[in-house]
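What Swiss-Prot records for this protein:
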type	residues	note
REGION	1-181	region 'Large ATPase domain (RuvB-L)'
BINDING	Leu20, Arg21, Gly62, Lys65, Thr66, Thr67, Glu128, Asp129, Phe130, Arg171, Tyr181, Arg218	ATP binding site
BINDING	Thr66	Mg(2+) binding site
REGION	182-252	region 'Small ATPAse domain (RuvB-S)'
REGION	255-332	region 'Head domain (RuvB-H)'
BINDING	Arg291, Arg310, Arg312, Arg315	DNA binding site
Amino acid sequence: MSRILDNEQMMDEEMVERTLRPQYLQEYIGQDKVKNQLKIFIEAAKLRDEALDHALLFGPPGLGKTTMAFVIANELGVNIKQTSGPVIEKAGDLVAILNDLEPGDVLFIDEIHRLPMAVEEVLYSAMEDFYIDIMIGSGDANRSVHLDLPPFTLIGATTRAGMLSNPLRARFGITGHMEYYEEADLTEIVERTAEIFEMDITHEAAKELALRSRGTPRIANRLLKRVRDYAQIMGNGLIDETITDQALSMLDVDHEGLDYVDQKILRTMIEMYGGGPVGLGTLSVNIAEERETVEDMYEPYLIQKGFIMRTRTGRVATRKAYEHLGYEYMEK
């Protein structure tokens, strides 16, 4: 069975997210710091009749970076064109996209840290001075062509801001750090989703689901669908606190939001390495997961919740991890 808390998007989930996606900042729940900053920057850009400065949105998967990009475009009243780093394989691909932009348009590049360097270098002049120089022809006929671009706003999204080159990062005038959601905001998101899809859910059930959704709206919405299934088959359709707890326990999602993979990480650290320190590569091999998957998807939440610590010599399981899994903790 696929991991219920996996943040990899599937086609049906993309359709669900489009249905749930807020259109404007006032509809966007959570991320208040980012929203308040953007509201000022957007209003100022509109008053000056200028394109908004380029913006970089970064943070763990599933926190609404794509949604925020579309909200920004709506607030500006402009079109948005969407692509992703892995799709743009060569400079010519990017040139074609840039050449199709209208004045003020938003270009959204997801996973921008995965742009090839040759493509990234084309962006430098495009972002800074709104032009690109490209080489056409070959051999003796090879020549440089200068193309002016309309003012536009590039919005980049990444889960790994540290992988962006310094020259690219420096060209973003706006940065927004998307953080894990507070329980109250996530509860509101769960209740909003339930209302849109006409699910019958109690406030206590929404709170319980929010508490166990790793501070991530995408996970909360995914779990809500599975709890709804459970309520329809094992109950009378009402999603209450008892049904929610039973459904999430069946899915191996505990009261801290940890699933079997998270628990496997912690148990491996404790049972095989005495709680650590253990290197990320070694840990990844032992749990049969890719290093990047552990680093991007599991580790941030485990650190944020205080279950593991990063040290110079490796990852270390904390007292909280021992106690949560029922192990005796001994000071080292």
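Cβ coordinates come from backbone N, Cα and C, glycine included.
The full span of the recorded ATP binding residues, Leu20, Arg21, Gly62, Lys65, Thr66, Thr67, Glu128, Asp129, Phe130, Arg171, Tyr181, Arg218, taken as their largest Cα to Cα distance, is 37 Å. Residues Arg291, Arg310, Arg312, Arg315 are the ones the record ties to DNA, and the longest Cα gap between any two of them is 17 Å. Non-local neighbourhood of Arg310 (DNA binding site): Ile303, each in the same chain, at least six residues away, with C-beta under 8 Å from its C-beta. Cβ neighbour counts within 10 Å, taken over all protein chains shown, single out Arg315 as the most crowded of the binding-site residues Arg291, Arg312, Arg315. Taking the Cα of Gly62 (ATP binding site) as the reference point, the closest of the binding-site residues Arg291, Arg312, Arg315 is Arg291. Across the structure, Phe130 (ATP binding site) and Arg312 (DNA binding site) place their CA atoms 42 angstrom apart. Within 10 Å of the C-beta of Leu20 (ATP binding site) there are 16 other C-beta atoms, taking all protein chains into account.
Ranking the binding-site residues Arg291, Arg312, Arg315 by Cα distance from Glu128 (ATP binding site) puts Arg291 first.
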